[in-house]
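According to Swiss-Prot, the protein carries these features:
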- 721, 757, 758, 868: divalent metal cation 1 binding site (BINDING)
- 758: divalent metal cation 2 binding site (BINDING)
- 86-136: compositional bias 'Polar residues' (COMPBIAS)
- 1014-1023: compositional bias 'Basic and acidic residues' (COMPBIAS)
- 1067-1076: compositional bias 'Basic and acidic residues' (COMPBIAS)
- 1106-1116: compositional bias 'Basic residues' (COMPBIAS)
- 241-393: domain 'GAF 1' (DOMAIN)
- 425-611: domain 'GAF 2' (DOMAIN)
- 641-964: domain 'PDEase' (DOMAIN)
- 1113: cysteine methyl ester (MOD_RES)
- 1-36: region 'Disordered' (REGION)
- 82-136: region 'Disordered' (REGION)
- 1005-1031: region 'Disordered' (REGION)
- 1067-1116: region 'Disordered' (REGION)
């Protein structure tokens, strides 16, 4: 052969078309001569005398043409090569390609050597010399190719010899990179590179084989062996049906090897228990697919690895070629005896995947062309064809697995859908799950054991109704735990309370409650008991061996019926075993596989989900039924009696003025309970709501009495508080002229909301409900108590004879209920803070039209809050008493927090800090009340009394707060008669550790004080008042205590500080004259001095009383 080196260069001057053609012909002649002189055997053996064609990677011949030219050239080459192959069908052609492994940079300079054998045997035999092209020739050809690609294209199509085209085509194909690594491509290249078995003449189909072919495949007889081989590979290449593929493999192998019949076995089982299953058995050239599949499924043949000829091939991965079968000890003649067929020669070969693992075994029997054995050529053809068949079988198995997985997913989706469709019927749900499992896994029977569902349900109900933070003995589900003792396990026979059984396809599901005796004498129950105890999956291949191994009693009736069992626990969300699922006997008689266990696990999970969901649904239904019963009982007991209703309906209702309903200073202290109800009726009458909305008078009376009845007797948030809130709303509507901004329906809703806004109040706030995780906090996550109040309001309205909205139209009913709900929820101060800024923005913008839905909602919310805290604007005597009630209720909650939650309550709920209440009241007024009333009275000036009353009470609370800061404790009485707590003690009690702290705020002198030389420049606004703080660590005498209290309050009422100090001096002096303190006082420097006197038994001497008095006066 001739080396042809082509290098790339930039295009130079164009040359004539004739010169290009001459150069092309020269190159072609060189290629032809080289091919003619190279024998085929030397090419296959890679002889050293092979000619090479050297070219750089970036300067191949194809690079000199355009894309269109390359495409046309390839087509022409393929056509010419095909024609040449037909004309030279008796010769073999092998292509050896040695691609460069260097980097792209080195490839630009390093030559690539390609050995191109010729396909023309005549040329090979006539070669006699060798011609080498010079570098100058190569450069000239390269330049002409770059300048005249059209001339090269014309030469290729018109004048190129077939052998040159063939060699050029092979060279181009060898230079193409693979798109991706391909197992099929690697195997194909390996097969193509392997040496062929020399045959003296081409192998043709025998006459018997030709006549056995169906009409659609008669054309195969016209093909030689190579073409037939490739055609039969294409026949199985795209087949994904495993049955059709195996049938084609056996038929095609029979054609290639002239075998009479064949069988194909597929490998199954676990790594520790591998066996072969006959996919198709004894398939001939004329056997139809349907008949072959039916026969194989009717009698499944299973061969363990290492048993028989096929088993040995599967185990050793080595082919076995037997010339005389009956002389081989591994041959089993039972099939021949049954069928009357005589087996002579057997060729059995393994089928492996790309990893070398056995996926099947193919076996062919007897030759049909007169030969008595399978020769070496048959073995090679068989091996090569099975290489491709292995790829096809694995692809078909993967496809079959994907189809099965799709079916399984569809079944699981149906099961998931069934969980929600059958959630009200556990029996139907479990039956459907068992039916799907039986059909998918092909087993004879299914059963499901359930564990003590009643106890599980009771435990769940107890958890739902469990009181927060209360120690309660928990009942756990009677599930079987692995840590139970042997005696406990023996006593757990009665744990299975329900048994679901499903037999064959025509059998209905059976649901039973087995007794202890039934469970004790049932092998299936014992296995289920074992699984429930251990919580492990059990796959039993031989039940009898398992019973013997575990010393269990086997029921005689189950000895012959049960062979293999797959048993799996059913667990709930807490990983507790709530049941056991069983699959009994595969239809094929084989044990359950790991794949079966994996699928069955999904069924067990869905079964557990379904059981749990059904139980929850049933529990929810029962709880709702109980709730309905409880609501009926509550409705009956919460509704006012008929006698009370008739009595109230017959009472004479006084005018509004008699109850002082129009005034913002209304108080309920003087009203009896019946009067409170009459006052409510009068408010409805004065607003003309009874006649406007056609409210039956007896229904209104019953509703008012029922609302009063549903308030708990707490200290503040009780019925009388609701009455005061409703009266304030009435006064704002009438006296405050707010009714001009409201419709009659909204007035009705606001009054109802005021009366119901604290229904069933427990004396605790929302924060307490959340901290204790009460059922109310679980039911309502925000505005907990307010939502409960509204629900109670709805409950009373829905009670028989209490619906005061019964005459409203559906639209009006929805509107008034929306008003009631929004108004009640607005009493939550958290809602007030959310709405306040929006309301203030509207007021600051000068809003006067409040008829929009959002603006009306804001206005009603502000009015509800103003009414709810309106006690802060009552006269001081009323406000003081109400504040005492609020404080007592808060202190009760604080005590509960200490007791139940073991936490320190906030200051306003801490009984130990009750003296700080005046200060906290001032803060409450400044933060909530005054801003609200100020903006309301600025916009609606008719409600100014609320703002003024709040200001007055703030001054009173501030005054009392200052007294507390002076060291005096707040009152512990219901009235203001004795505003300062009396110091307890007796008149004759000795003086003990009295500590005085005096702060002088009214100083006219600018020099030093008696206690020190400190300069006191007092601000102007502090010179008109004095502050006196007395801290008591011991006890004073009774006389000085009473005089001191009166003096302090007289001084705070307006007497001059100097007079007060003189009185204080005289009282202290009188008391000191009566006592004889023995320890001198030690005044501190500055404007604050301290003096202590204590009684002592020491006789160290007496103290000058006049000196002591002068020091105290100087300090004051």
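Quick reminder: no glycine exception, Cβ is built from N, Cα and C everywhere.
Taking the features listed in Swiss-Prot, we show where each one sits on the structure.
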residue	record	DSSP class
721	divalent metal cation 1 binding site	helix
757	divalent metal cation 1 binding site	coil
868	divalent metal cation 1 binding site	helix
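Here residue 721 (divalent metal cation 1 binding site) comes close to 758: these same-chain residues lie at least six apart in sequence, with C-beta atoms under 8 angstroms from its C-beta. Around residue 868 (divalent metal cation 1 binding site), the C-beta neighbours below 8 angstroms that are at least 6 residues distant in the chain are 725, 757, 827.
Using a 10 Å radius centred on the Cβ of residue 758 (divalent metal cation 1 binding site) and all shown protein chains, the other Cβ atoms total 25. Along the domain 'GAF 2' (425-611), the predicted structure has mean pLDDT 73. Same-chain neighbours of the divalent metal cation 1 site beyond 721, 757, 758, 868, judged by a C-beta within 8 angstroms of the site's C-beta center, are, in sequence order, 717, 722, 725, 754, 761, 827.
Neighbour density for residue 757 (divalent metal cation 1 binding site): within 10 A of its CB lie 28 other CB atoms from the protein chains shown.
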